[in-house]
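Working notes for the structure below.
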Amino acid sequence: MAVADNEKSPLIPKHLPKGNVRSSRPLCQKITSLFSLITVEAAYFLYSTCYGLESVTLVNLWVDKECQHMYSMNICKVLDSGQYPKEQDTVQDKVSTYKSMYAQWIEYLPAVFVVLILGAWSDSRDRRLPVVLPFVGFLLKSLGILANCYWWSLPPKYLLFASVPVGLGGGIMALLLGSSAYVSAISRVETRTIRLAIIQLLYLAAVPFGKMIAAPVFTRYGYIGVFSLQALIIACTLLYALIRLEKHPGVETDSSPERKVSLCHILSPHRLLESVSVAWKKREGGARMHIIGHIIIIACLLFDVGTANFVFLYTRKKFAWDYYTFTTWSVLSTPVSGIGNAFVLPLLSYRYKVEDSIFGFMGSSSYMFTNIIQSTAPVGWVMYIAIGTSVFSGMTFAASRGALSKLVPKEELGAIFSVVALGETIMPLISGPVFTAVYNMTLEIYPGTVFAFAAVIFAFTSWLYAYVYPL
């Protein structure tokens, strides 16, 4: 298999040939070989682009629909000017409740069960389905939002129906499960953390790219233009995944045993319980505690990511930022957080064999300082200083996922990442109501409280990284 064969060579050669020795392979063959390594990464990049298209635009859509549903157009045009603070707080309270709590429950609660099934399916039948199924949900969500934009008179709460297919398809957690298991199955131990970091780096590069596209499209074509483009990209990504991805990557076809397992067996409570229990199995060298530690860390990281739903609302409230001002800041902030993934992690991981927990500690500490600065920012330009402190934050997920992939055998990759996805799915169900309550209660007193709370959680994850560091 081409992918498996290519992975036998290091991504970064330790010893370069001396002199002017040139490869005998033609350039086109080298390019073909390089592109043969690209599998799930392309699908994840396109998803991240779509997320960038949606991230700010969807919040703005909620604000516009809620405001125009309750107040006149004259008030809504100057809602963030400070002339109508009571109306602004009412709209923000509604949006934070519906968008950051109810929508999250709809998207993540069904996914709790879906990711367990997909994890078992991935190990026993097909590693492609956990990647493909979420895109079906994303496509239906885009079409649902489009319907709400076209029929503008529909109440804002109808936007919640668009989130239903995402939950039934497993959502982003199923995509992360599928991507992590797929990459781990086709990569060597030495390059696994780097390849998982590349996935995170693609996300950090694609999200601002999507936001950059969204701004001019929104200016010219409005909400319908943005979400039509999103639906088109998702449909193309779904087609790519069906054609490009393999059911059993990293396994020689002629030597692999028949892996067909009955659907009843996969859906049986015993099989699902077996998938969950993989994290608690006794292992040599204290690996079990390290596995549990990294799962807790990833769950905490997902809990804190819930603050992302409030950054736009926070800057509108405190600094009177509009859609375009926030998009400019957001486009800059996301790639900066990927610098660690792009340069620091590959160099230290591959060349100097630095342990994954060190990268996690650096990233978690970076997140902590970023939230502290955002929480205490007195003026808008201080938010740009917070961007600078996030330079290593992108390394956290890759560090813990890479560590987990090395602590379990290949046949348990789907199971262990389904447990991770389970924790990642449950956390937003908890963080949504918690952060929504904190934000709404402190909106008039100290709106940055949500970021201070997040900083405390990141301090805890930094301590956990120090705990799981192998002495």
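Just so you know, glycine gets a Cβ as well, placed from its N, Cα and C.
In TrEMBL, the feature transmembrane segment is placed on 357-375, out of the ranges 53-71, 357-375. Proximity of distant same-chain residues to the transmembrane segment (445-468), defined by a Cβ-Cβ separation under 8 Å and at least 6 residues beyond the stretch ends, is recorded for 289-290, 293-294, 296-297, 300-301, 303-304, 307, 310, 314, 317-318, 357-358, 360-361, 364-365, 367-369, 371-372, 374-377, 396, 399, 403, 435, 438-439. The transmembrane segment (416-439) makes contact with the transmembrane segment (159-184), as judged by at least three Cβ pairs under 8 Å among residues 6 or more apart in sequence.
Proximity of distant same-chain residues to the transmembrane segment (133-153), defined by a Cβ-Cβ separation under 8 Å and at least 6 residues beyond the stretch ends, is recorded for 43, 47, 50, 58, 61, 65, 114, 118, 159, 161-172, 174-175, 178, 222-224, 227-228, 230-231, 234-235, 237-238, 241. The transmembrane segment (326-345) is in contact with the transmembrane segment (196-215), judged by 3+ CB-CB distances under 8 Å for residue pairs 6 or more apart in sequence. The transmembrane segment (102-121) makes no contact with the transmembrane segment (27-47): fewer than 3 of their CB pairs lie within 8 A, with pairs spaced 6 or more apart in sequence.
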